[in-house]
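Here is what TrEMBL says about this protein:
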ACT_SITE  Asp123  active site
ACT_SITE  Asp141  active site
TRANSMEM  6-28  transmembrane segment
TRANSMEM  67-87  transmembrane segment
TRANSMEM  96-113  transmembrane segment
TRANSMEM  133-159  transmembrane segment
Amino acid sequence: MRKPDSYSVLIFVAAAVIVADQLTKWWILAQFSLYETRIIIPGFFNLTSIRNTGAAFGFLAGNESGWRPWFFGIIALVALVAIVFLFRQYRDKGSLYAYALASIAGGAIGNLIDRVRFGAVVDFLDFYIGRYHWPAFNVADSAIVVGVGLFLLAGFVYPEPEEGGSHTR
C-alpha cells in the first residue's frame with residue numbers, strides 16, 4: 001500500500017474536522033436552547049450552548065458593530081491563504097506538518113461556516129474547576145489548537161539542517 005500524498009492528507013483531515021465540528025454543533029443546536037447547560041462531569045465539565053460573536057476567549061464579543069462579521073471573515077480567509085502557503089512550503093518536510101496544517105484549516109473553515117450561517121460561532125464545551133471556567137469552545141477550536149501544537153512539534157521532529165551540514169530523516 002502506498003503512502004498517501006500530502007494533498008490527500010490535507011483534504012481528508014480538514015474534511016474530517018469540518019464534518020465532526022458541524023455535526024456536533026448541529027446536535028447542540030437541535031438538543032439545547034441557548035445558554036442551556038447539562039452537567040456531564042460534576043465540578044469539571046458541562047455541555048453549554050453558547051454563541052460567541054467574538055474571537056478566542058470572547059475577544060471583541062461585546063462590540064455589536066456591523067464590521068465585526070466582515071473582520072472575522074477576512075481574518076479567516078487570510079489564515080486559510082497563509083495555511084496554503086505554509087502547506088506548499090512544508091509539505092515535503094514531514095507528514096506531521098500536513099496533519100497540523102490540515103487540522104488548522106479544518107478548524108478555521110468550521111468556525112467560518114458558523115459565522116456565515118449564524119453570525120456567531122457555536123461553542124459548547126465548558127470545562128471548569130470550582131468557579132473558574134475556561135472559555136467555552138468547540139471541535140473546530142480544538143482542531144486549531146491541536147494543529148498548532150503538531151506544527152510546533154514537527155519543528156522538533158524534523159529540524160532544519162545546520163548550515164553546511166548534512167541532514168537525513
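Including glycine, each Cβ sits where the backbone N, Cα and C put it.
Taking the Cβ of Asp123 (active site) as centre and 10 Å as the limit, one finds 22 other Cβ atoms among all the protein chains shown. When secondary structure is read from DSSP and collapsed to three states, Asp141 (active site) falls in the helix class. Sequence-distant contacts of the transmembrane segment (67-87) (same chain, six or more residues past either end, CB-CB distance under 8 Å): 6, 10, 53-55, 60, 97-98, 101, 104-105, 108-109, 111-112, 115-116, 119. Asp141 (active site) sits 9 Å from Asp123 (active site), taking the CA atoms of both as reference points.
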